[in-house]
Amino acid sequence: MSSLTARRGALFICVAAAAWGTGGAAGKLLFEHGGLDAVGASFWRYLLGAGFLLLVTRTTRRSGTGAAPASGTLRHTLVVGAGMAIYQTAYFGAIAESGVAVATVVTMGATTLFAAAGSRVFLGERLGGAGLIALPAALSGLVMLTAEQTGSSTPLGIALALLSAAGYAAVTLYTKSAGHHNDPATTTAGAFAVGALCLAPFATLPHVSLETVALLLYLGAIPTALAYALFFRALTTVRASTAAILSLGEAVGAAALGTLLLGEPLTLLSAMGGAVLLASVVVLTVQGQR
């Protein structure tokens, strides 16, 4: 596997976050036109993501550019796959209970805090000077970006958002701890397969149409296969806490896409929040913290 600098790893996470930001819009369109619920969308997302990554890994292995699975890969794949199934389902449940804005603020904000604390306790990582500045700035920007969209929330919705955040942070920390010993593309594909298997008993079938098929293929290829492969690859060189902060850029992409494609309003406060959040991401990317 070729070496990866911390700065390039940070760029990988920024690309992944931008791709994740399009996943919400794709999922919303699937809910409206594809006849899928949250679990069904997650199932097809993981199943297709696994298929795309397996195709890529088979191609790279034949050309001699891929890495062979390392010892411990099976355990890593099972743990990450189960964790992904939990946090993805909990996140969609939080959206159903409390709306997109509340679920996003609680899940992404808590994920960043959990990852920062967990990386210090379990991995011995220090946030660094730039991180100490970027963390509160990014969280403030996130709240500003979504403040005027928040509506009613329920205790169950908040609890599900916190569960999703804990699961996502745990997967990030676990992957970071094992990142140097496993091939990211292979283990990510396996994790998707495990996640799909966990969700299969509860999944629904989509309404078959050209639009639905196109949306599912996009959801499986870009916000899933590409984004997670880049993210897990980047964790081999980027701090877990830094990765969590950079991932907040997803909210900016989602807000922009919601405004452009879904007709959602963009207020001055939201624009300022997005600018603050993006500035925090740029600072960490330029610093290229390890």
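Yeah, the Cβs are placed from backbone N, Cα and C, and that goes for glycine too.
Features reported for this protein in TrEMBL:
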type	residues	note
DOMAIN	8-146	domain 'EamA'
DOMAIN	156-285	domain 'EamA'
TRANSMEM	35-56	transmembrane segment
TRANSMEM	77-94	transmembrane segment
TRANSMEM	100-123	transmembrane segment
TRANSMEM	130-147	transmembrane segment
TRANSMEM	153-174	transmembrane segment
TRANSMEM	186-206	transmembrane segment
TRANSMEM	212-231	transmembrane segment
TRANSMEM	243-262	transmembrane segment
TRANSMEM	268-286	transmembrane segment
Cβ contacts the transmembrane segment (35-56)/the transmembrane segment (212-231), at least three under 8 Å, sequence gap 6 or more: yes
Helix, strand and coil totals (DSSP H, G, I; E, B; other) for the domain 'EamA' (156-285): 106 helix, 0 strand, 24 coil
Per-state residue totals over the domain 'EamA' (8-146) - DSSP helix, strand, coil: 120 helix, 0 strand, 19 coil
Leading stretch by Cβ pairs under 8 Å, where the reference is the transmembrane segment (77-94) and the options are 100-123, 130-147, 186-206: 186-206
Within-chain partners of the transmembrane segment (268-286) [C-beta distance under 8 Å, separation at least 6 from its ends]: 7, 10-11, 14, 17, 130-131, 133-135, 137-138, 140-149, 242, 245-246, 248-249, 251-252, 255-256
When counting Cβ pairs under 8 Å to the transmembrane segment (100-123), the leader among 130-147, 153-174, 186-206, 212-231, 243-262: 153-174
Cβ-Cβ under 8 Å with the transmembrane segment (243-262): same-chain residues at least 6 beyond its ends: 10, 13-14, 16-22, 24-25, 28, 104, 108, 111-112, 114-116, 131, 134-135, 138-139, 141-142, 145-146, 169, 172, 176, 231, 234-235, 270, 274, 277-278, 280-281, 284-285
Beyond the flanks of the transmembrane segment (130-147) by at least 6 residues, Cβ under 8 Å: 101, 104-105, 108-109, 112-113, 116, 239, 241-242, 245, 248, 251-252, 255, 269-270, 272-281, 283-284, 287, 289
Remote residues contacting the transmembrane segment (212-231) - C-beta distance under 8 A, at least 6 residues beyond either end: 12-13, 15-17, 19-23, 26-27, 29-30, 33-35, 41, 44-53, 56, 184-185, 188-189, 192, 206, 243, 247
